[in-house]
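Enquirer: First the structure, which I've put down as structure tokens, then a few questions once you've had a look.
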Amino acid sequence: MSSSHRKLSGRIVIATHNPGKLAEMRELLAPYGVEAVSAGELSLGEPDETGETFQANARIKAVAAADAAQLPAFADDSGIVVHALDGAPGIYSARWAGPDKDFTAAMTRIERLLQERGATGPDKRGAHFVSALCVAWPDGHVEEVEARVDGTLVWPPRGSAGFGYDPMFLPEGHDRTFGEMTSLEKHGLPPLGLGLSHRARAFVKLAEICLDQR
């Protein structure tokens, strides 16, 4: 990241084809007066995510979208890190859901592996979500941040809100999963706080350097 930060304004591309992630990003950006258009709306392709870290993959997506659209691009790479599974699925969280984005199957796979390892008690079911955010400009300038939220995994999944692995993730200090929370509760944005979810926490960091509230 450059030592000289750059502010976002005007029109930006949200470099995702994931409807749930797109909705969350638009909600987070709403107070800042930027016009957000999705990669899908611009018919942009999806680059190969060949990075070995969340941050590397976020940068790949943002840089590719900024170059293709010739607009600033905002990308997220995120996933769940299960401690008893040696960090899996990690950067492969989306791939575990397969081409049909079947996160019910992905959650079932995690639970099966946890059971095989004898991880039945809460003390053995620790996990954290990671969100890496990157903003890239067509001239190559980037700004990037990363954040996490810790919790435990429950079974069976609870709630139908959110997306992805939300219904099985119980954030630390709470008695409801992300799947049981409203988007406002999950994000934990003012007046409720400064970020509960991994994406909200990363966004707060990014907003401090790249965005001016209306």
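Heads up, the Cβ atoms here are built off N, Cα and C, so glycines get one too.
Here the structure is a predicted model, which means the values were calculated and not measured.
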Enquirer: Given that Swiss-Prot assigns Thr16, His17, Asn18, Pro19, Gly20, Lys21, Phe163, Gly164, Tyr165, Asp166, Lys186, His198, Arg199 to the substrate site, pick the one from Ser43, Ser78 that the record assigns to that site as well.
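Expert: Candidate listed by Swiss-Prot for the same site: Ser78.
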Enquirer: Once near-sequence residues are set aside, which residues in the chain of Ser78 (substrate binding site), 6 or more away, have Cβ atoms under 8 Å from its Cβ?
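Expert: Within the chain, Ser78 (substrate binding site) has Cβ neighbours under 8 Å at Lys21, Phe54, Ser93, Phe129, Val130, Ser131, Ala132, His198, Arg199.
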Enquirer: What's the CA to CA span in angstrom from Gly20 (substrate binding site) over to Asp77 (Mg(2+) binding site)?
Expert: 13
Enquirer: For His198 (substrate binding site), what is the secondary structure state per DSSP, taken as helix, strand or coil?
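Expert: DSSP call for His198 (substrate binding site): helix.
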Enquirer: Highest Cβ count within 10 Å among the binding-site residues Gly20, Gly164: which residue is it?
Expert: Gly164
Enquirer: Neighbour count, 10 Å Cβ-Cβ cut-off, for Thr16 (substrate binding site): what number do you get?
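Expert: Excluding its own Cβ, the number within 10 Å is 21.
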